[in-house]
Structure formats: structure tokens, C-alpha cells
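The active site, glycyl thioester intermediate annotation in TrEMBL covers Cys181. Taken from TrEMBL, the feature ATP binding site covers 32-37, Asp56, 64-67, Lys80, 125-130. Residues or ranges marked as Zn(2+) binding site by TrEMBL: Cys166, Cys169, Cys455, Cys458. According to TrEMBL, the feature compositional bias 'Low complexity' maps to 586-601. The domain 'THIF-type NAD/FAD binding fold' annotation in TrEMBL covers 21-433. Annotated domain 'Ubiquitin-activating enzyme SCCH' per TrEMBL: 316-391, in sequence order. Among the features that TrEMBL reports, region 'Disordered' is placed at 209-253, 563-606, 624-656.
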Amino acid sequence: MATLLPVSFKMAVPKEKDFMPLLASCRILVVGAGGIGCELLKNLVLTGFEDIEVIDLDTIDVSNLNRQFLFQKCHVGRSKAEVAKESALRFNPKAKIVAHHDSVLKPKYGVPFFKEFTMVMNALDNQAARNHVNRLCLASDVPLVESGTAGYLGQVTVIKKGLTECYECQPKAAQKTYPGCTIRNTPSEPIHCIVWAKHLFNQLFGEADPDEDVSPDSADPELVGQAGKSALDSSEAQSKASTTQDNESASNGNVLRVSTRAWASSHDYCPKKLFTKLFSEDILYLLSMEKLWENRRRPTPLTWEEAGTIDEEKEAENDKGGIADQRLWSVKECQEIFSSAVHIIRKRLTGEVTELVWDKDDESSMDFVCACANLRAHIFGIQRKTRFDVKSMAGNIIPAIATTNAVIAGLIVLEGLKVLAGEFGAARTTYLNRRPNPRRRLLVPCALDPPRPQCLVCAPRPRLALKLPVALTSVGALKDKVLRGALAMAAPDVEVVDGKGTILISSEEGETQENNGKMLKEFNIVDGTQLNCDDFLQNYNILVDIIDCDQLKDGAEFEVIGDPEQLKKEQEEQAKEQDKKEEEQTSSSSTSAATAAASLLPPTVVEDDDDLVCLDDVIVKKRKVEEGEEREEEPPLKKARSGGKTEEEEEIMVLE
């Protein structure tokens with residue numbers, strides 16, 4: 001096992017007799033009491049840390065017990081933070097532990113709260129909370145030890161204001177989204193069907209979102225003319241089609257809109273009628289959109305009667321035995337489970353409970369999504385998935401490994417000791433790999449990078465460019481989707497830099513609520529307008545340059561560019577490239593002229609320095625090694641400049 005520990009973990013620390021008082025007197029904040037958090041809290045009290053506060057919003061679920069060993073079956077339903085405190089005190093009764101069953105995003109856990117601690121250790125499972133803690137640690141100038149795991153992979157790094165990169169220095173990959181027309185009309189992958197099924201659950205039983213409509217989309221940009229007019233053969237069938245949620249009726253040129261939930265409720269959530277509409281009538285409507293199927297496989301409508309017989313014997317024979325969740329359901333089973341799940345979920349809607357929230361750990365909710373996704377996949381000729389696979393994809397999860405959590409928690413404490421000793425030069429970003437590297441090491445340390453000058457968070461004066469259509473973007477969308485969503489602000493305030501001090505958004509409740517439905521153009525916001533965006537909870541301020549743009553890539557609502565100066569350079573380079581192309585087209589066809597035109601193009605430079613894939617949201621981070629330090633072998637998590645991906649990179653996702 002000694003060969004697995006890199007030499008660079010050595011550090012200069014005070015002698016034990018001098019170091020122990022430091023451990024007892026320093027104050028540690030642990031954010032998260034899940035897989036990593038449980039192991040971390042146990043390690044801290046056994047190491048000698050005695051003044052600890054832990055905060056976690058979650059309660060204990062049965063599914064946590066296989067890897068979060070501070071919890072037992074008798075604790076199910078209780079606060080994770082409270083139980084973790086009780087269990088950790090059994091290892092070291094002298095420790096003083098304060099537990100907060102709360103969200104770290106709340107205003108009371110602001111900069112003054114963070115300044116009370118010597119160090120913060122993250123054991124989180126979501127990017128929003130990571131961003132928030134990162135900003136609060138920067139604002140309070142408190143060192144942060146960040147961590148993450150994904151299956152057998154893991155990493156730990158140290159963040160110190162002014163010395164190292166912060167968590168947001170490197171751009172994070174946005175959560176994968178799919179065009180609405182693909183989800184509603186032309187699914188081609190299992191994930192498209194799973195997303196559709198989750199949207200359907202919300203439309204039928206939860207809080208309906210117009211952007212998550214599941215009905216056929218006759219406004220699909222691929223379509224030409226009036227689509228769906230010949231969807232059904234009889235007038236009776238056309239009457240049924242008019243019940244499609246948000247569907248278009250040609251009667252008198254009007255549009256009839258009936259919500260999914262209202263239609264289902266009017267039929268008392270009859271499983272057979274729901275099945276017929278979703279998997280037969282709506283598919284017939286899609287088939288009438290001839291242009292969609294010119295280059296695609298046409299879907300096959302599925303009736304209630306047909307579902308009970310299609311390939312039943314063949315499928316049952318292929319999937320006998322094994323774990324129930326890893327057995328592929330037949331079409332008939334999907335039909336039966338769909339019917340049963342609808343009945344069970346329907347009973348939960350009472351006078352007091354009018355909206356349900358989909359939960360991957362709720363058996364009936366998970367059955368509903370799995371059955372619906374597989375039925376739709378069968379109709380479109382897409383590979384069906386087991387319940388286990390659907391749960392993983394629908395919940396965006398990778399199964400957690402207890403040993404990975406234990407290793408990462410140990411590394412957090414090691415890096416914490418370096419920070420406590422003031423040895424920031426010895427601190428490292430350490431990667432836990434799936435298999436040993438050529439030097440037989442699973443743990444690969446990398447030197448910490450300095451702050452990135454263009455970072456939108458820790459730069460001296462953060463600034464970005466924001467592309468969006470000002471005439472179509474509301475103030476509410478700017479606040480919720482851009483500031484709170486893309487920029488992870490908690491309580492944004494926005495002032496238009498117009499010399500008048502126009503307040504566009506206020507964090508004070510109700511102060512600017514009437515602005516939410518108005519378009520940005522109504523406030524004279526045009527191309528080139530600047531917005532001063534501030535978040536007092538995070539002590540965070542950024543200047544936003546608005547770029548008015550009607551057409552964005554892949555139908556996106558907005559695009560965050562980053563550094564405006566970099567945007568300007570990119571635009572100039574694009575203009576030069578366009579000029580060169582035009583010059584090539586108009587130049588002589590002779591060989592010499594063609595050669596001359598080609599010489600104008602900038603050469604392609606291929607860098608041969610390897611990259612490391614950072615587990616937190618699959619970002620690429622260059623490895624730097626200090627001068628004079630023994631160079632470690634690169635870990636197997638590498639991403640070629642050509643865009644190729646390794647097996648390991650494809651599976652990277654931070655869970656907890």
C-alpha cells in the first residue's frame with residue numbers, strides 16, 4: 001500500500017506537542033453530512049479536531065445506509081447533521097460539535113458566519129451550493145478544502161483567496177439540456193424518452209411548466225405549412241385529438257388549449273384513456289407531420305390492446321432471473337406498471353395536497369417514469385432501459401462507492417493539516433483514479449494553479465458579456481435563469497448603468513416584483529447597455545455587458561460569453577477569417593494564387609502538454625509542477641486536444 005502514497009504528501013508541520021493545541025483550538029465548518037461528510041466528521045474527531053460545526057439540509061433515507069456509516073436504520077427520517085453529530089461524539093466525547101439542520105444558502109449563513117471559522121471543508125453534492133460556499137470563503141478570506149466523488153473517481157483541492165484558483169476559475173459544463181421539439185416530436189435516444197416521462201409526471205401530478213409540455217409540437221421549426229390537419233381519419237378522432245395538451249384546433253381559426261392535468265382529471269385519470277392518448281392518438285398526430293419523417297424512422301402507434309401481446313414471450317424468456325431492477329420489462333409489464341402507478345399516485349392528490357414532486361426514491365413515481373419512458377422508446381424504435389438504468393439517468397446519479405468516500409475524506413483531512421500549519425505551498429489538488437497509473441499509483445497529486453485573471457468570481461473586477469434578445473427576455477427570466485441560474489447568485493440586485501440609477505431587480509421582497517413580467521427593452525436596455533449586478537449575501541459584484549442577439553445557438557435563451565475583451569478579440573478574428581475566405585473565393589484559380597491565399601490562413605498549433613479532467617463538472621485543468629519537484633506520471637484521466645474522450649472521462653460526474 002505504501003506505493004500508492006505519492007512522495008509529495010510529505011509536509012513540514014509542527015511537532016506533535018505543538019500541533020495538538022492547534023487542532024483543539026481551530027474551528028472547522030463541515031458543509032454536508034452525506035457520503036463524504038460522514039467519513040470526514042469521523043476522521044476529524046479522531047485526528048483531534050474538537051471545535052466543529054456541521055450543516056446539512058437532508059434527512060436520512062434507507063438508501064443512505066449502505067455507505068453513510070454514521071447512520072443506522074433507526075435513524076431513518078431524522079436530520080443527517082444531528083445524527084452525524086451524535087455518532088461522531090462516540091468516537092471523541094471531548095469534541096464540541098454544533099449541528100445545523102438547514103440550508104447553507106440561507107442569509108443567516110453569510111460572510112459574518114464564515115469569518116468565525118479557521119477553515120471550511122466541503123462535502124457537497126451539487127454545484128449551486130459549491131459556488132455559494134466558494135464565494136463566501138473568498139469574501140471572508142477563509143481557506144476552503146473542496147472535494148467530490150463519482151463512483152471510483154474522486155478529487156480534493158485547496159482554495160485560498162489570492163493564492164490559488166477558486167472553484168469557479170475554470171468554466172463548469174452546463175447541465176445537459178435537450179431541445180423541446182426533440183423531446184416532444186423526434187426522440188432518438190433513451191434519455192429523450194426519460195426526460196419526456198419526467199415532464200409528463202409534472203404535467204399530470206406536479207407543478208406544470210409550459211416549457212416542459214409533452215404534447216406534439218406543431219411549431220417545430222422543421223415543419224412547413226399546417227401540420228396535423230390529416231392526423232386522424234374520422235371527425236370523431238379529430239375531436240379526441242383536440243384534447244392534446246396545448247394542441248391546435250383548426251376550428252374557426254381559433255386555438256383550443258387544454259392542460260394535460262385538466263384533461264386527465266376530467267377522465268378521472270383513467271389509465272386506459274391516458275395510455276391511448278399518449279401512445280396512440282398523439283403518435284398519429286405526429287405521423288401527420290410528414291416532413292419530420294423524411295429522413296427518420298417513423299414511430300408506430302401503440303394501442304392498449306396491442307401492448308399486452310407484443311413480443312411478450314420473447315422478452316420474458318430473455319430476461320428471466322437476476323435482480324428485479326436490472327431486468328428489462330416487457331411492453332405488457334410496462335402497460336401494467338403504468339396502470340398501477342397512475343392509480344397509486346392519483347390517490348395522493350387530495351384537497352390539501354394538490355401538487356406532487358417527482359422523487360427517484362419514491363417507488364410509484366419511479367415506476368411511472370420507467371414505464372412511460374420504455375413505452376415511448378418502443379414506439380420510436382429506441383432501445384429500452386432497465387429500471388436501474390432509468391433511475392440512474394433520470395436522477396443524474398452515479399452509484400456511490402463507500403471506499404471512495406473514505407479515501408477522499410482522508411485526503412481532505414491531510415490537506416486540512418497543511419492549511420492549519422500554514423504550508424499552502426505543500427497543498428495539492430489530488431486525483432483518485434479508477435486504476436493505478438504507470439507508476440502504480442492511484443492517488444496523483446498536482447500543484448495548485450494561481451487565480452485566473454479572467455475569473456468571473458475571484459478577479460479584482462469581474463465582468464462578462466451576456467447575449468440575449470432584449471425584446472423577448474423578461475426581467476424575471478434575467479433574474480431566475482441568468483443571475484440565479486447561470487451565475488449562481490442567491491439574492492441579486494441589478495442597477496442599470498444609465499446615469500439615472502434605474503433599479504431593475506431588488507433583493508428586497510416585493511420591491512421590484514412588478515418588473516418581472518416586463519421585457520428588458522421596456523427599460524431602454526439595448527445592445528451595449530451595462531448592468532451592475534450585486535449579491536450582498538455573497539459579497540459578490542459583477543458588471544454585465546448586454547449584447548442584443550435574436551438568434552442563439554441551438555435555440556438557447558441566452559449565452560454567457562465571459563470576458564468582453566475576449567469576446568471582442570473573437571469577433572475580430574472571425575471577421576478576419578471571413579475576409580480571408582472571401583479573398584480566397586475571388587482570387588485567381590492558378591496554383592500560385594491558391595498557394596498564396598492558403599498561406600494567409602493561421603497555422604494550426606497542436607500542443608502536446610497533457611490535460612487533466614477535473615471531476616467537478618468535467619472541466620479541463622492544466623497540470624503544473626513546481627520547478628525542482630519530482631514530476632508525477634499523468635493520470636489516465638486525459639483528454640486529447642483533438643477532442644477524443646477516454647472511457648473514464650465519459651463517466652465523470654460529481655455526486656457527493
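One-based numbering along the chain as shown.
In case you wondered, yes, glycine gets a Cβ from its N, Cα and C as well.
Sorting the binding-site residues Gly32, Gly35 by the number of other Cβ atoms within 10 Å puts Gly32 first.
Residues near Asn66 (ATP binding site) in space but far in sequence (CB under 8 A, at least 6 apart, same chain), listed by position: Ala402.
The Zn(2+) site, placed at the center of the C-beta atoms of Cys166, Cys169, Cys455, Cys458, has further neighbours from the same chain whose C-beta lies within 8 angstroms: Leu138, Glu165, Tyr167, Glu168, Pro451, Arg452, Leu456, Val457, Ala459. Just so you know, the Cβ of Cys169 (Zn(2+) binding site) picks up 22 other Cβ atoms within 10 Å once every protein chain is counted.
For the recorded positions given as Cys181, Cys458, the lowest number of other CB atoms within 10 Å of the residue's CB is seen at Cys181.
Of all the binding-site residues listed here (Cys166, Cys455), the one with the fewest other CB atoms within 10 A of its own CB is Cys455. For Ala128 (ATP binding site), the same-chain residues lying six or more positions away in sequence with a CB closer than 8 A to its CB are Leu105, Ala488. According to DSSP, the domain 'Ubiquitin-activating enzyme SCCH' (316-391) comprises 46 helix, 0 strand, 30 coil.
Here the candidates are the recorded positions Gly32, Gly35, Asp56, Asp125, Cys181. The one whose C-alpha lies nearest to that of Cys455 (Zn(2+) binding site) is Asp125.
The sparsest Cβ neighbourhood within 10 Å, among the listed binding-site residues (Asp56, Asp125), is found at Asp125. Candidate recorded positions: Gly35, Asp125, Cys181. Nearest to Cys458 (Zn(2+) binding site) by Cα distance: Asp125. Comparing Cα positions, Cys166 (Zn(2+) binding site) lies closest to Asp125 out of the recorded positions Gly35, Asp125, Cys181. Looking just at the domain 'Ubiquitin-activating enzyme SCCH' (316-391), the mean pLDDT is 87. A separation of roughly 34 Å, to the nearest angstrom, links the Cα atoms of Cys169 (Zn(2+) binding site) and Cys181 (active site, glycyl thioester intermediate). A straight line from the CA of Gly35 (ATP binding site) to the CA of the residue listed as 'active site, glycyl thioester intermediate' spans 38 Å. For Cys181 (active site, glycyl thioester intermediate) paired with Gly32 (ATP binding site), the C-alpha to C-alpha distance reads 38 Å.
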